[in-house]
Amino acid sequence: MSSSPQPPIDGQTKQPDASELQEKGEMSGQQPVDAPSEEHAYPSAGRLAVILAGINLAYFLVALDSTIIATAIPRITDEFNSLDDIGWYGSAYLLTSCTFQLMFGKLYTLFSVKGVFLVAFSLFELGSLICATAPNSIAMIFGRAIAGLGSAGIMNGLFIIMAACIPLRNRAIFAGIAGALRGIASVIGPILGGAFTDNITWRWCFYINLPIGALTFVVVIFFLQVPGPKNKRVSNWKDTFLNMDPIGTALFMPAIVCLLLALQWGGLVYAWSNAHIIVLLVLFALLTIGFIAVQVVDGRKLSTTIPTQLITQRTVAAGTWWIFCVGSGFFLLVFYIPVWFQAIQDDSAQTSGIHQLPLILGITVITIVAGIGVRIIGYYVPFMILSSILLSIGSGLLTTFKVNTSSSAWIGYQVLAGCGIGFGIAAPIIAVQAVLPENLTAMGTSLIMFSMTLGGAIFISAGQSVFTTALVRNLSSTVPNISAQMIVSSGATELHNLVPQQYLAAVLVAYNDAITEAFKVALVLACLSAPAALFMEWKSVKKAKPDGTAGAQESAGARA
């Protein structure tokens, strides 16, 4: 594409210091996201504290909702006599959450940030209410799907609201806190779910979202003030519909659904060679090719789901791959470390969550430390590089787990892996907001969140396949008298009760070695993230953004 100046639009004069990316972005008929300009006064410290508390509470509930159901599922299936629906209680939530991530990026670009966030949170709360009062399994699955749809908008909205309320140089600290909350929720979710299920009712796993969520509604409605869209160019519903990329969306959403269904069913419900799985993967490939074609043909328009000037931007492309790898590694460790404790150490679900605290504390503390570090030195790339290195080392050490691994070892290895995740997990969000002009910020943010969510979905399933294959192989070769399929289907918590004592030691070795195979997947992903970190642009959050917007150089009225 020519780098010659583009003609001004609607009488606006192009900023002379704008980057080529901003220059391209101004060619679209789409208004920019509600992000602060240089003239925008950020909220006062008191108001900001209330806003951040409210939106982080919503984000925490979303993260909690994805894990709290884990220990409640057996009781739910007993009540509904729905053993065959177990997979759908998680899949329905994941399908809608992942599929609608990019669409919410468009909605935040086209409409009021405050309004879209409230709609998303209302959907999440509605889904929670449906689940809490579900009379049967179908209603439960439907509620999970609605809650997942809302969660997609909440995850994007959190960081987009931060962009509107916090100067760029301070944003890494608060993004780190949000990442820490997600990690904490992933651990306490199963513990809390077990406590509700055993002592009250599993329905409180969902009822809990309602009174706590009410606080978020109050905060957002009465305290959040985001500037309205500037230079609005969408004048009617037809234009709005066309700006939503209807053709691309019609190809993209079914493609993601096909992929996730194949990953959820492959190796569990159907063999990977089964026609159902093959058809789903073929459909995914064809729909994805069609989606890419639409994005390339209309790539110069910001009305596409992923504009080419967005995904071809160096930092965005590298950050998307980096978070895909590191986020996937994070989900794998969060998923399989408790399995190791439950199967090998014979921990309960609650105790395994407690024993996972070294990982979560490492993430929690270091994300905040990294945020402070970014604010001080102005650069996020060093922390991403350090993140890849430490996560690679930590994941590598986890692959050395044995049945008799000492507590000092599993504590230290988890802390190292947690520090690796914590140093960089929030950086890609800050990176895309540092390099993108305002009218691409929401879409860039949603692309990062989508990549992380999709990576987790893909590699939890991939890790499950690797683990199951290794377990069956190990059991068949070392303990042929034990049914491998029985061990696989029984679950980690029943292992010590199910296996006869004379075979238990050999089965534990086979199980341990299978889990470390899943850890090897996390190791590979951590190593693959390193080149992306090196490819990132070194942009300081203390300097002005490409469109002339002050990133860290707050206006005199900024008090965040």
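Here the Cβ of each residue, glycine as well, is placed from N, Cα and C on the backbone.
TrEMBL annotations: computationally assigned, not manually curated.
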Which range of 379-398, 479-498, 499-518 is transmembrane segment in TrEMBL? It is 379-398
Name the range, of those listed as 86-104, 247-271, 379-398, that has the largest tally of Cβ pairs under 8 Å with the transmembrane segment (277-297). 247-271
To what whole number does the mean pLDDT across the domain 'Major facilitator superfamily (MFS) profile' (51-541) round? 88
